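In what follows, a structure is listed as structure tokens, so that the remarks can point back to it.
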Amino acid sequence: MLLLRSALTRALASRTLAPQVCSSFATGPRQYDGIFYEFRSYYLKPSKMNEFLENFKKNAHLRTAHSELVGYWSVEFGGRMNTVFHIWKYDNFAHRTEVRKALAKDKEWQEQFLIPNLALIDKQESEITYLVPWCKLEKPPKEGVYELATFQMKPGGPALWGDAFKRAVHAHVNLGYTKLVGVFHTEYGALNRVHVLWWNESADSRAAGRHKSHEDPRVVAAVRESVNYLVSQQNMLLIPTSFSPLK
């Protein structure tokens, strides 16, 4: 009886020990660092796209005096037309709050750009994202085009799908046909969403590289593993504006 009770106790104890799951996406470095990136999408009235961009170009210095602009693009393929997409960097949430308060008090910004241009915008969207710990923001070597690939992953978080996703990204990087700019994990917005920002010399070089990658067994194997955790995905071709820091 004692032996049976002892064996049962050990069995129950082993079942209560939760397995430790580690992931290279896991929360930690990105939260400790505090730095995050705000993704903003402005859907503009079709007849007002050029006017809006010209107005921002003339007044961009008023906005960038308050916080860092990472990049500013127009959507060419894969998304709603007449859309501009931009990324802003903040040290932490307190920093963003300070910036928003300062902008609200900046009469020059309000009067020269914001108020006159609000009527040109149909809709605005915002997401807060962190760079994943294994990726730092990279600047491309020259001007080109950008691809924003967005992946909606299954619930469970990076501990479930992070490592497989990392291997899939690196499989493409290792082929050398494209340059990885950054991998971002959404904190506010749709959860379990990952954005991968790529740079290519042109849309045609990107197409040729993708064709090559689809025939590479290393890429095929890594992607096949990652899609087990995928719900949906979308990609957009982005054209940098003349005033975008990332060209």
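Including glycine, each Cβ sits where the backbone N, Cα and C put it.
Note that this is a predicted model, so its numbers are computed, not measured.
Residues or ranges marked as N6-acetyllysine by Swiss-Prot: Lys48, Lys166.
The modified residues Lys48, Lys166 differ in how many other CB atoms lie within 10 Å of their CB, and the one with the most is Lys166. The CA atom of Lys166 (N6-acetyllysine) is located 40 Å away from the CA atom of Lys48 (N6-acetyllysine).
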